[in-house]
Each structure stands twice: as structure tokens, then as C-alpha cells.
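Participant: Mind looking over this structure? Questions follow.
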Amino acid sequence: MINAVLWILDRLQGLFRRLGADYLSLRAIVEMKLLMDTRRNRSTLGRSYRNADSSGRLWLVYAMNAFFSLFIGLLVSFIPSVMTGMTVLFTYLIVMVALTLITDYAELLLDTTDNAILLPRPVNSRTIWLSRLVHLIVYVSTLALSMVLIPAGAAGYRFGWWLTPVVLLLSVQAVLLAVFLTTLLYLLVVRFTSEEKLKDIIAYLQVGLSLLFTVGYQVVPRLIRPQLTNLTDDGLHTWHYLTPPAWLAGVADSLVNHVFTPGHGVLLALAAGVPPLLLWVSSRYLATDFTTKLTAMGSTTQVHTARKQSRRSVGNWLAARFTRNATERASFELSWLLTGRDRRFKTRAYPALGFLLPMLFVVLRPILEGEVSFESLQEGRMYLLVIYSSQIVMGSFYMNSFQSEDFRAAWVYDAAPVAAPGDIILGNLKAIVFKFFTPFYLVVSAGLLFVWGPQILDDLVAGYIFAVFVTTLEAWVKSRYWKLPFSQEPKTRADSGRTIILMMMLFFFLPLCGLAHWGASFVPGGTILIAGCYAAMLWGTIQSYRKLRWEQFSE
Amino acid sequence: MNPVISIRNLEKSYDQPVLKGVNLDVNAGEIVGYIGPNGAGKSTTIKILLGMIPDFSGEVTVLGRDIRTDALEIKRHVGYVPENAALYEVLTPAEFLLFMGRLYGMDDAVIRRKAEDLLQLVGLADQIDSRMTTFSKGMRQKVLLIAGMIHNPEIIFLDEPLSGLDANAVILVKEILARLREAGKTIFYSSHLMDVVEKISDRIVIINQGTVIADGTIEDLRHQVQSGSLERIFQGLTGDDSTSLRASEFFQALQ
């Protein structure tokens with residue numbers, strides 16, 4: 001594949017020369033980057049793969065993309081409305097590409113580690129910038145191709161083979177849209193900030209965007225669901241003009257059904273015009289600044305940033321009250337500080353909050369659409385679904401607290417005279433419970449109390465204990481060896497065996513407990529009994545934590 | 001006098017044997033320079049002495065206690081300054097030292113007072129509440145030095161303690177090590193900087209391919225190899241005397 005890319009680049013070398021790049025250097029850099037891609041553990045959409053032999057790993061990602069695109073292909077072949085089917089396809093493509101970009105963008109374009117290698121060499125900055133851009137486009141295109149090939153084939157099979165190349169061509173526009181929308185956001189951020197804060201802001205941006213896309217991914221299918229059931233074309237709606245995937249779908253619609261309304265003309269103009277416009281805007285106004293700032297970022301080390309940290313925080317106050325000994329307290333405060341400052345943690349853990357919004361959507365949509373009255377909702381026990389799902393958020397925060405960019409710093413636990421490693425684990429667990437889960441749960445509870453009133457207070461208490469209990473249990477189930485907080489390299493995520501157990505937990509254990517709770521809630525005092533059981537089990541796991549020995553921890 | 005560190009027939013292998021029967025005694029108040037080529041087993045020895053690697057064969061006692069059974073108690077009385085400047089960068093020195101001190105069971109007020117005094121002495125008073133992300137390698141190394149000594153240990157293990165420090169800081173650290181020896185502390189450290197090892201060590205132990213090949217004062221070693229500087233002695237003992245030939249060949253290949 002690398003050779004194919006280089007072959008294409010060779011054909012385009014005149015273009016690169018005209019853009020001011022030293023082509024031979026550019027070719028060498030791109031080749032090196034592509035080679036590294038096949039060996040690197042890249043986090044694609046938050047999933048990483050262990051590098052047993054990672055040269056085949058990129059192919060695995062492609063294969064998985066192709067597999068998931070099968071479903072999109074099925075939709076495309078079964079939805080009668082071309083407009084709807086194509087909107088689904090392009091939404092999927094744009095969302096997936098944008099998500100990939102958000103998680104990998106920093107690594108791809110903002111990767112300043114090669115500054116140290118490239119800047120001292122006789123290579124000009126435009127060559128470096130262009131080689132990064134070429135690399136990004138190659139990376140994204142191959143990913144997009146693996147996602148769109150099967151659906152494009154499905155569309156061709158159904159509407160005539162001439163449509164397949166058209167869909168592929170429209171996909172190029174879709175990818176460009178995704179790339180430039182993401183780029184534009186990043187460039188804007190760079191434009192209005194100092195390089196010192198850039199990476200921090202990008203971290204928050206990643207959180208925000210992932211949230212947005214997670215929600216979008218959940219909401220868009222629901223928006224078009226009425227049309228899925230409707231199953232026929234019913235013309236264009238206002239929202240078509242506002243959603244980029246619909247622009248592209250409009251073009252396919254015109255071609256397949258031979259409809260050329262003024263509305264379709266507008267969609268065609270948007271589909272054809274907006275991506276080049278974005279390219280022009282981003283290169284004309286923002287790219288130069290971006291390059292200089294990037295170059296500056298890796299090469300300067302500001303030593304004296306007089307940003308003083310305050311010494312007292314709520315964390316100290318809580319740690320003093322809710323921990324049993326000095327080690328536990330030290331671990332609690334460390335987690336409190338690191339989770340607030342570690343970019344990695346923030347970008348990985350916060351998006352989990354996004355799962356809540358679709359949940360609200362599920363609960364509230366029937367009311368909003370008038371299908372179910374507020375009163376009949378109150379009679380049901382839908383709140384249990386929300387309560388039991390909130391454990392996922394707790395689990396996500398907790399699991400992420402075991403990884404850190406500074407994982408090597410965990411040597412301190414080995415060097416220090418810590419008798420009971422369980423103290424370290426419990427300190428961290430408590431910090432996560434107090435800092436993230438409790439506030440989150442309070443907000444959720446407030447919402448549920450608003451609908452169902454104080455009669456569900458006991459259910460809320462039971463749910464809270466349950467979430468913490470299951471989290472302590474997950475650590476038991478998921479690994480042969482125990483791990484210390486912030487001691488894992490972010491790249492090595494859970495391997496597949498553990499993921500399966502975790503999945504079983506999500507799809508089997510959580511619903512089962514929810515069901516038991518649901519049943520018990522019909523019996524007077526049943527909920528209290530359930531809460532008592534959870535509390536007893538939580539007490540049990542905590543006691544077992546306290547008995548942990550160092551031998552149970554991996555090297 | 002009983003040795004504070006005693007190593008008998010220490011062997012340790014990962015995929016290949018790293019340590020092949022190391023024997024060594026260190027007395028209280030000694031500064032021992034532990035040197036050897038890359039991969040000779042220096043860091044492994046230190047980690048075993050600290051109780052960080054429990055599976056090895058041979059007998060190791062530190063402060064009269066068996067490292068296998070009493071690691072926890074030993075850890076309370078020894079300090080460690082690691083090589084690769086690994087610390088939680090997003091913390092401030094004050095926060096990091098507070099965390100470290102607590103793991104040694106120290107009182108918060110004592111940790112704070114010591115941290116402030118010690119950071120002041122190494123010239124980091126202004127950065128005490130700044131995140132270490134922006135620190136240079138030398139600044140981080142200073143924080144690690146303090147972190148390794150804040151609990152006032154009897155024995156201090158240092159793995160390349162001077163790497164990344166500027167000339168003034170090197171002098172400062174050397175002075176600090178001399179004071180610690182006066183106070184009866186034992187210092188065991190590994191380094192590549194021969195001239196520094198030569199100047200501040202009472203005793204030099206050279207390890208090569210997993211065994212101790214020389215052990216004595218700098219005078220002993222000079223006598224043994226009939227050679228001047230420690231660099232020459234090191235070269236003579238580790239059997240690498242072809243360097244000048246290889247240097248000229250290297251130069252030839254560039255032409």
C-alpha cells in the first residue's frame with residue numbers, strides 16, 4: 001500500500017514542487033510516517049489493539065470498518081428512499097471520519113516529536129507541513145475507503161452500477177467536509193490562543209467534540225426514523241439544507257430518481273461548493289499561523305511559567321474525612337489532582353458523560369412527541385433504566401484512572417514502604433467516586449426526582465451503592481493481575497478477553513440486577529432490602545481490597 | 001562492624017542472565033560508586049537492594065534484614081533516586097513531595113517544612129507551586145533527589161543522580177553527598193561520569209557482564225591496572241581497549 005501511495009505522489013510531484021516543497025524530502029518523510037503507521041498502536045475511535053504483531057493491525061482496523069459498514073450497506077439496499085438511505089451512509093461516514101480525526105488529530109498533525117528529528121535537518125517548514133497534510137489525507141482516505149466500499153457496492157447493486165463511482169466521488173466530498181470542519185475548529189483554536197495553552201484547549205475540544213458526535217450519532221438516526229418507517233420519498237425538508245450528509249444524498253437522489261427541483265439544485269451547490277470553500281478559508285486565513293505555532297510548540301521550552309497552583313482544594317478536605325490512613329489519603333489526593341490535570345484522562349473519560357444524553361432522549365422523546373402522557377410515564381419505572389445505566393459512567397471514569405502519560409512515575413509505589421496496596425486502590429476509587437460519580441449522580445437524581453418525586457429516593461440510594469459495588473467488582477473480574485492507579489501506559493488498553501467479560505457485564509449483569517430491583521420495588525420494603533444487599537456486597541469487596549498483597553500485582 | 005549491605009551469590013536472569021553471582025559488602029558511612037558498561041546489571045542490582053524485584057537467587061541483606069522477608073521495613077530506611085526522571089509532571093513539587101512523604105508515613109506539616117527548605121536550597125523556591133510540566137531535566141532531577149531523601153534514610157541509592165544537572169548543580173550534589181557521609185549515611189550510586197565517581201567515592205565497584213570485576217579505592221584500582229584515570233582503568237578492566245582503533249576506522253568510513 002505504501003508503494004501505491006508513493007506511486008501516486010510521484011505523479012503529483014510537480015504540484016508539490018509548485019507549492020514550495022522539496023519533493024524528495026517530502027517523499028521520504030511521508031514514506032517514513034506511513035511505515036510507522038503500520039507499526040504504531042494508534043487509538044482508532046478509542047479502541048486500541050495490542051501490538052503482538054502490529055504490522056497487521058491497521059488491516060484489522062480496516063477489516064472492522066468494512067464489517068460495520070455491512071450494516072450500512074444493508075440499510076442502503078433496503079430503505080426505499082434514496083434520500084434517506086444516502087443520508088444514513090454519509091452521516092455514518094462523516095461521523096466516523098470526524099471521530100477518528102478528533103482522537104488521532106493530535107498524533108497526526110500536532111505531532112511535534114518529529115520536530116526534534118526534522119527541524120535540525122535541511123528541510124523547509126513548508127515541506128514538513130505538506131508532508132503532514134499528505135499523511136493525514138492518505139490515512140483518512142484509506143480509512144474512509146474501508147468504510148464506504150461495501151455500502152457503495154450495495155447502492156450500485158440496487159440502483160445500477162453507475163452509482164457506485166458516484167457514491168465514491170460523493171464520499172470524497174464527505175471526507176473533505178469532515179476533515180475541513182475538524183481542521184477549521186482546530187485552526188480557530190490555534191489562531192486565538194498561545195501555543196502554551198494549545199494542547200490543553202485541544203484536550204477540552206476533543207472532549208466537547210466527542211460529546212457532540214456521540215450525541216449526534218444517537219440523535220440523527222432518531223430524527224430520520226420516522227422516514228424509515230414512512231419508507232417513501234416525501235420531498236425535501238428544511239433540515240436537509242442544514243445537514244451536510246443530506247446535501248450529498250440530495251445529489252444521489254437527483255441522479256437516481258431524475259428529480260431536479262430548485263431544492264435539489266441548492267443541495268448540489270452546497271455539496272460541490274462548501275468543501276472547496278472550507279479549504280480556501282482554512283489555507284488562506286489560518287494555515288500559515290498554524291504552521292508557525294506548531295513549529296514553535298515543540299522547539300521552545302518555557303521554563304518559567306508562573307502559573308501557581310493553589311494548595312488547598314475540596315479534594316484535601318474530602319481526603320481528610322473519607323480516608324482511613326496516610327497511604328489511602330495520599331492516593332486519594334494524587335488521583336484528585338491528576339484527574340484534574342492529565343489531558344489523557346480528560347479526553348478519554350469525559351466523553352462517557354455523552355451516553356447520558358441519548359438516555360434522556362429515550363426517556364423524554366415519547367413525552368415530547370405526545371405519544372405518552374407525563375402521568376403514564378410517572379406510573380412506569382423507566383427511572384430504573386437511567387439509574388442502572390449510570391454505572392457505565394462510573395466505570396468509564398474508574399477504568400481510565402489506571403492509565404497515565406506519566407505511567408513510569410508509578411515506581412514510587414515500589415520504592416515506598418506501602419504495606420497494603422489495597423489502600424492505594426481504595427484511595428483512588430474514593431477519589432473517583434467523590435470527584436466524578438457523586439456530582440454526576442446528583443444531577444441525574446435531581447432530574448429523576450423532578451419527574452417521579454421523592455418516592456424514588458430509596459431507589460436512588462440503592463442505585464448509587466450498586467454503581468460503586470459493580471465498579472469494585474469489575475476490577476476483580478477483569479484482570480489476572482491487579483494494577484495500580486495511573487500505572488498503565490495509555491496505549492495498552494484492555495485486551496479482548498477482558499473486554500468480553502466487561503461486555504457480558506454490561507449486557508447481562510446490569511440488566512439482571514435492574515430486573516431484580518424492578519421486581520423488588522413492587523414489594524413493600526423491597527427496595528430497601530436490595531439496597532442493603534448491595535451495601536453488604538460492597539462492604540465485602542472493600543474488605544477483600546484491604547487484604548490485597550503485593551504479589552497480586554503485576555510487575 | 002556489620003556491613004549495612006551484604007550481597008552473597010546474587011543471580012538474576014530475565015531472558016538471559018543479568019547478574020551472575022555478585023558478592024559485595026558495604027559498610028555504614030561509605031560512598032560506593034557502582035560503575036559498569038551499559039547493560040552490565042547496575043540498575044537491576046539497585047532494584048533488588050530496594051526490594052523492587054523479589055525473585056532472585058542468593059542472599060541479600062540490607063540494614064541487617066533479609067530483603068526477601070523484610071522489604072517493607074527496609075524501604076522505610078532507604079531512599080531511592082531513579083534514573084529516568086519519571087515523576088507526575090502535572091503536579092507541583094510541593095504536591096509531589098507531599099505525596100511521596102505520605103507514602104513514608106510522614107506528618108504533613110513536617111513534609112511541607114522540609115520540602116520548602118530543601119527546594120529553597122536547590123534554587124527551586126520560586127517554582128514550588130508550579131507544575132513540573134515546564135521543568136527542565138535538571139530541575140526534575142533536583143525534585144527527585146529531594147523526594148528520595150525527604151524521609152531522612154540511612155542508605156541512599158542513586159541511579160545516575162547527576163544526569164541532566166548543570167555544572168553548579170553537580171557541585172552542589174557532590175557537596176550534599178559529602179555532608180550525608182559525614183552524618184553517617186551510606187550512599188550507593190551508579191554512574192557513567194567517571195571523573196565524578198573518582199572524586200567523590202570512597203570505594204569503586206566495577207561490574208561487567210553480571211559479575212564484579214574490581215572493588216576498592218581508586219588507589220587500589222590504579223595499582224591493579226597500572227594506569228592513571230578511572231576512565232583508563234575502566235577501559236582496561238572491561239576489556240574494551242580497541243576504542244582508539246575503532247575511532248580511526250570510524251573516521252575513515254566517513255571519508
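Placement of Cβ uses the backbone N, Cα and C atoms for every residue, glycine included.
Sharing the feature lines straight out of TrEMBL:
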TRANSMEM  A:59-83  transmembrane segment
TRANSMEM  A:89-108  transmembrane segment
TRANSMEM  A:129-150  transmembrane segment
TRANSMEM  A:162-189  transmembrane segment
TRANSMEM  A:201-220  transmembrane segment
TRANSMEM  A:266-287  transmembrane segment
TRANSMEM  A:349-368  transmembrane segment
TRANSMEM  A:380-399  transmembrane segment
TRANSMEM  A:432-454  transmembrane segment
TRANSMEM  A:460-477  transmembrane segment
TRANSMEM  A:498-518  transmembrane segment
TRANSMEM  A:524-542  transmembrane segment
Participant: Please indicate, using numbers and ranges, the residues of the same chain that are 6 or more beyond the transmembrane segment (A:524-542) and have a C-beta under 8 Å from a C-beta there.
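Facilitator: Distant Cβ neighbours of the transmembrane segment (A:524-542) are 426, 458-459, 461-462, 465-466, 468-469, 472-473, 476, 516-517.
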Participant: Given a Cβ distance threshold of under 8 angstroms, which distant residues of the chain, six or more beyond its ends, lie next to the transmembrane segment (A:129-150)?
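Facilitator: Same-chain contacts beyond the flanks: 1, 5, 9, 16, 19, 21, 25-26, 29-30, 33-34, 37, 44, 61-63, 65-66, 68-70, 72-73, 89, 92-93, 96-97, 100-101, 104, 108-109, 111, 167-168, 171, 174-175, 178-179, 287, 291, 294.
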Participant: Report, as numbers and ranges, which residues of the same chain sit near the transmembrane segment (A:460-477): CB under 8 Å and 6 or more residues beyond its ends.
Facilitator: 384, 387-388, 390-391, 394-395, 398-399, 425, 429, 433, 437, 441, 445, 448-449, 501-502, 505, 509-510, 513, 517, 527-528, 530-531, 534-535, 537-538, 541-542, 544-545
Participant: Who are the chain neighbours of the transmembrane segment (A:432-454) in space, where the CB to CB distance is under 8 Å and they lie at least 6 residues beyond its ends?
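Facilitator: For the transmembrane segment (A:432-454), the far contacts come to 315, 318, 322, 335-336, 339-340, 349, 353, 356, 360, 374, 377-378, 383, 386-387, 390, 393-394, 397-398, 401, 460, 463-464, 467-468.
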